[in-house]
């Protein structure tokens, strides 16, 4: 039976202004004062309204079917208005979670969902959104009945926002792009963004449907499958919505819903070995447990959105009435059961008393009662546990000396209602000011100045959100950057647009819900062929560029005025000043003939295409434009759609500069240099294609490079400077993209190619220069300390870094301006291994320092000598040598370390992450062990494959986490490969690593030496064929002969464990499906090598192998721009590249309302 429109059950509905306020992404702005209900909390609770909706879905949803729990158990979900039972719901436990995970795994590995085109996935999500919209009132009724929140809030704000979220993520499904990465050397690199697999999701009871959408939306859009555990208090709306999602066409097994309790179903999901990713929203205490369960199982990455104790700061310039209303909303919304509730209301002392009185009066007017009744602002708390907990906090506030202004007791005689409660004279040390109460209790604290309130607001283990109420821009900017929280709302609160990332700093969580950004500028559609005519007739519109602003001004107005025309001239938005100044001078002589103004926003031309936007007036008789070809096309289209005015265009160029064989090379170099670099290269006629005759080409290139290196770049006001900055960030980034494309396309970068300037970058480049100056000494220390060949250390491993860290502006629904800030995370703890001491040092400290963090780095006890620093301020980089159980454990568990990065074994990684999560929940990046497959296909050139497989395993004495230690060879070429691999191993040069030509030095120490020999003996014992090696080399040190095994089986110990030594295991396979299955049958997923000339084979293996890096016909390509990290138990997060910077940055969303905006 379906429910009738719920409005028939209600005696009143929202006023239009109140509805509008709620629908604006749930949030409220300071200026929105309409729609505030004025009812007394003294009203008597009437007989509860009986919602006319049936509860039809109470079973578990597994593999597309509603089924009973395996045990047959059920639990009761209660109506918080009365405490009465609504329905009995199937109680899932570990066995049910197993069933759900198996269904999700099968749907991911074998089902259509991950393989469905993103467009088809998008259509299913859009159909789901349509069904949600159709059943809006039924879902809202279930949400209110099960949770107690006001029906009008659920029906007019939360369900519409869920619909918006689904449509938002439907739009993302086909916009998930990889990158092509510029890499040194002859390599082509691409990144793929793949579905992570089976996602476990645990949602809370305070916003059941909204959290359901936050979780499943992005997971489904990316092609994952899901096992979702609902809160035991509120299972009904998620089950109903999931039924609608299957009606929309979701394949069976893609979304599985298990209702149950945290210690049984939740723990089973968090610790399940076949769940690839976990997302949890709930309390910080439970979040710690969830993380530890994940860490102790398969190290699945975990996203946490946890508790908060958000400050709401009311500054002395505030309009008190508006501030009171917004602070009231920030705390009491959703019965105060909101993780980001503004539960610490800091008010400036100059307005404190007035604020308290008005806050008390507003709380007394708050309408409390049956949430199905029209006009009700506050329903019951979720259950008796939460009800009693809140009352205990209220009692503690009174006992600790805070002033109870109003409320503080039960409302009515049944259900879990609490009167809106306001405390004044609250001190920071009181329990009500420290703990997350999660109820309708407002604590008002007094402050004197900004410095004090910043210190006090940040003096908490939480960092989820904050509100700021001020009209002062400097105050707003100061607080925005000073508050250590994930979201700052300025003169608004609880703005939750689908595009705004949400998550916390410190112990309020890891990662972000919702996401990103990015509006795209799209060129106008349709071909246009336009002939432009220059006619000096009538009213002339002129648009000038930024590169030669005054010169272009003169080029435009001179002939127009000389011919008797009048002019409307639009300057470039980047460079208006000189034209304004000169126009003032000229007006003395040409009164009435020249009008200078900025023209309004476009009617038919998109903003992004023109930078600021041009509207060509219909009365103009002629238009003259100088600028880019793309913008010129838009100008032409706009002119054609108005009065077909003739248009003069002076657009872009790609001018050739031709140097013939008889040229004086020195003079030609100088002239070509000027032709290109004049005006920072920002000249439409610049000689950007320099053609040089082959007979003088090499000489010309060398001298052109030398001339470019002599070019002086810097402050353009400084004498002698030849080149200043580019005009703006947009042009700067565009040029950098072209440079990268040149490198990617195979052109040789002779000089330049990167940003000039930035203090942190200059310090790091000085460091890189010093590394280069001391290359041989550092390499010698590395070889001496580690045993690797000196030529390897000296020629391969010293690298450098640079920084490019940008925030974003985000298009949000409603009248809100949103920006994100990327901030340094703080103190980064870093633990590096012994196998690549200097390289791992660089991978760790580079991105951390580039982002502005400070570092404590613990070296491996075996190899402390090569770690160093230069040119840094004191305290920025601190190096501690010591042992893991002492120094390493202290660093991992330190409460004042904000971020931890570890490279080492999987076993130690588990210990590290548990230490981190038992302390302050610091985020952890792990780069752990591997057992990488190297797959040689039947079309391989055997000689080349043998050489590359040899390198992939024996490089660095086999002491490499991504070593190709599973060499899979197709059965057709297996015997030939084994013979040649044996011969290559016998030719490998082992000896003193300082000796020229040595390929292999000793293992790191006696412990690793003996461990490797034990693995070799186990291989022989298990029946593998020892082709060569297998024993000590020489009589001293830790040298082992290069070892090759054939006839290795998957279940042998040497084929399963990470040996970390010079032992090659060669396995035979028959076909692709077999080798994919066997290669993926590992807890590790760090890297893989593929040797084939067949593009279909390469593409199949690239996508099928569950690893973080796939090298095709190459191995161990470690360019600084290429991200590196593992799937499964090979780690969390990525090293190097742009992805690594995310490890060392916090994302802060800043939201402020727009007042009468010119555009949205």
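Every residue, even glycine, has its Cβ placed from backbone N, Cα and C.
What you are looking at is a predicted structure, and each value in this text was computed from that prediction instead of being measured.
Under the heading active site, TrEMBL lists 305, 650, 927. Feature annotation from TrEMBL assigns domain 'Aldehyde dehydrogenase' to 66-514, 516-754, 758-1150.
A map of TrEMBL features onto the structure.
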| residue | record | Cβ within 10 Å |
| --- | --- | --- |
| 305 | active site | 28 |
| 650 | active site | 17 |
| 927 | active site | 28 |
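If you take the Cα of residue 650 (active site) and the Cα of residue 305 (active site), they are about 54 angstrom apart, rounded to a whole number.
Residue 305 (active site) sits 24 Å from residue 927 (active site), counting Cα to Cα. Here the domain 'Aldehyde dehydrogenase' (66-514) has a mean pLDDT of 94 out of 100.
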